[in-house]
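Pulled from TrEMBL, these are the features on record:
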- B:7-30: transmembrane segment (TRANSMEM)
- B:50-80: transmembrane segment (TRANSMEM)
- B:92-114: transmembrane segment (TRANSMEM)
- B:159-176: transmembrane segment (TRANSMEM)
- B:208-232: transmembrane segment (TRANSMEM)
- B:252-271: transmembrane segment (TRANSMEM)
- B:292-310: transmembrane segment (TRANSMEM)
Amino acid sequence: MSDIAIELKGIDKSFGLVHANRDINLRVRKGTIHGIIGENGAGKSTLMSILYGFYQADRGDILVDGAKTDISGPSIAIDKGIGMVHQHFMLVENFTVLENIMLGAEEGQILTSGIARARNELKRLENEYALEVDPDAIIEELPVGLQQRVEILKALYRGAEILILDEPTGVLTPAEADHLFRILAQLKAQGKTIILITHKLREIMAITDEVSVMRRGEMVATRTTADTSVEELAELMVGRRVLLSVEKGPANPGEVKLSVRNLTVRDSRGVPMVKDVSLDVRAGEIVGVAGVAGNGQSELLQAIAGIRRAETGNVTLNGRPIDVTGEADPNELRHRGLAHVPEDRHHMGLVLKFEEAENSILGYHDDPRYLKSFFLDVEAIRADAAEKCARYDIRPPDVRLKTANFSGGNQQKIVLAREMERDPDVIIIGQPTRGVDVGAIEFIHKRIIEMRDAGKAILLVSVELDEIRSLSDRVLVMFDGHVVGERSPETGEGELGLLMAGVTDQEAAE
Amino acid sequence: MEFLDTLIVLLQSTIRVSVPLILAALAGLYSERSGVFDIGLEGKMLGGAFAAGAVAAITGSAWLGVLAAIVVAVALALVHGFASITQRGNQIVSGVAINFIAAGATVILGQAWFHQGGRTPPLSGGARFTTIDLPFAAELADVPVVGAIYTNLLSGHYTLTYIAFALVPFTWWVLFRTRFGLRLRAVGENPGAVDTAGISVIWLRYRAVICCGILTGIAGAYLSLAMTAGFVKGMTAGKGFIALAALIFAKWKPVSVMYACLLFGFLDALSIRMQGHRLPLIGEVPVQFMQALPYVLTVVLLAGFIGRAIPPKAGGTPYVKER
């Protein structure tokens, strides 16, 4: 018996040209929570999928309990006591909890006796680990947190001693995430070994004993969590010092580029979401709109961008009116100098099945630069995309790769590059760093500041208050469809928080 | 009493024409529940019917004919499996191809081997199935109502008919009470869950496709050895597609599949029965209209009356480990 549960030696794995894992060495001690952190696309999930037998390594050895083991499929991993909770749950949605837990571990050709045994065993596990779940509930009717619990139970039911969790908090609310961490702490107390994959530094600091950092397919360091810091881990992840705060000089506001007067917008159900909002954005300034999600910020952006029809109100762009209550045409607005980085890049900003180059001209495909008489000039488009890749550090710089294969941060950079490289006058940006990793956040923030300094008028909507405060020159707070106050970005978080919660302007100021 | 007799004759022929539908629809159920859509039921049935007719004609044994039908239909099913599971091809295209191959190959081989214009020689004696009487059928025949139902409706069918109806509860049991069934349903919904549970997605789907082959083979043999005495070109006449419609109509559930097939069978039987009859007020209904009725009803039922039929979620998509 060694006290090392898992040891990986020289694991190497490529998918075509992508070298996902390079010569990885890792030791996970028994009875600990071992974090693996890295940016999106660093190769964490691939490494764990190799350990679970989902992929086979091109080279390298896996040692389980000190013995070299050839994990050629998930069934062998399960046999060796390795369980995995996947990022996207591997559950059959129209099956019951019990059926999902039994699947693959039915014990016998006919289910009847297996069902009874599974039911008892599930009861025992529920009691032992305080993981209650109704065995007869249908998966798709359960909230995400409970579905994840079923995944954990599935692994425990198969006798897992080593539990791998791949980005488990990505789909959870903060409260659910805290609950998950309590469960993990308890599993650890009962002697289980846990490997936690994440790209969130907070989680690593909160719960792990040791942490290994991956960067671009390599394992760059392993630290004892107690002896490291958020700054050190961030630097290891990105490979250079990361500025967690943004540096920017004072703004030089010029003339009003975007003016909104008395705008009222209803959502698709007919509920008024934006109520009588007026605001101005000047050249060379960033106006941040803070607020809890769902207080009308999305509809505000959509109405200005011409995607959603407004009920009443006037909007002018560069001094000329936009017909926001009628036939405002997003395409026309783009050509008049309005760039839009939508809140949800997957649904509005990109076509994930397209190649990178195709997405990099989406909406601007009628630009003569990309055309050869009636046809698209594919060569020109790709050359242009490659140039943007270089300028925006989009990785991998492969303009023919399907966009879905880029990490969140790189997808966002594709959208930014497309919108900003058009030299617009006004840029409206929603949630610029949602689902984006640390290194890319810094890059995106820098670009936004650069655009401001180049004299663009920028309207920024974000639910991240820190982001609003560090980027904006003026902060507007939205609550229940109204702009309830304007503050300088130096205003304390407490006061902005009160405004966001609907406390009146004066009360908040006092 | 005359009405009862008419009804029983109608129902008797409903059962007769429903059997190949039930077998084919159950075949499709195994395949589609595993996530492999199968539009080639028709072709496999046709191939099976031809093999059964040919082998029974040569050997003089109906059961060897059934065996040959199963072998041929399973072989065609494996072609579909290879294209859509191993090679991850388009399942619709593969299914359509199998329909064309079967339609062409049966005629060509039939002509080459038997020189009867694509038919197989007429079968008689042990080379074809005869109906069997259930115990006491003759004794009960004179009991009013019960006798008529027992003797004329339940008794006097082919062995394959009883097998087909027995396969309905059997399929239900397999699907919902066995390990194979649990995994089969799972792989059609989320193959990722099956793969990560350490079960081979590919082998599981192949087994489902083989089940499909066996049942379409039996369905084909029923056509050429029981319903008629010998193979005639194109004798499936769209039954594979009607079975597919019944499968969707029944939302991929075994017992509902049986009822759906009986309904379509009833319409078919009715259309035969109504030919040349005069209806009050309407007069004589054109034969073509009656023949078209099952198909028209299929469209109407599928279009509006069954609500949303939600197919197995992973149906039609080959399994690729996500990268």
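For all residues, glycine too, the Cβ spot is worked out from N, Cα and C.
TrEMBL annotations: computationally assigned, not manually curated.
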Same chain, outside the transmembrane segment (B:50-80) by at least 6, Cβ under 8 Å from its Cβ: which residues?
31, 36, 38, 40, 43-44, 91, 94-95, 98, 101-102, 106, 109-110, 113-114, 120-121, 123, 125-129, 160, 206, 209-210, 212-214, 216-218, 220-221, 224-225, 230-231
Find the member of B:7-30, B:92-114, B:159-176 that has more C-beta pairs under 8 Å to the transmembrane segment (B:252-271) than any other listed stretch.
B:7-30
Under 8 Å between C-beta atoms and at least six residues away from its ends: which parts of the chain pack against the transmembrane segment (B:92-114)?
37-40, 42-44, 46-47, 49-50, 54, 57, 76, 79-80, 83-84, 120-121, 231, 233-234, 240, 316
Against which stretches of its own chain does the transmembrane segment (B:7-30) lie, if we need a Cβ under 8 Å and a gap of at least six residues from its ends?
38, 41, 44-45, 148-149, 152-153, 156-158, 160-161, 164-165, 167-168, 171, 184, 208-209, 211-216, 218-220, 222-223, 226-227, 236, 239-240, 242-244, 246-247, 250, 252, 254, 257-258, 260-262, 264-266, 268-270, 272-273
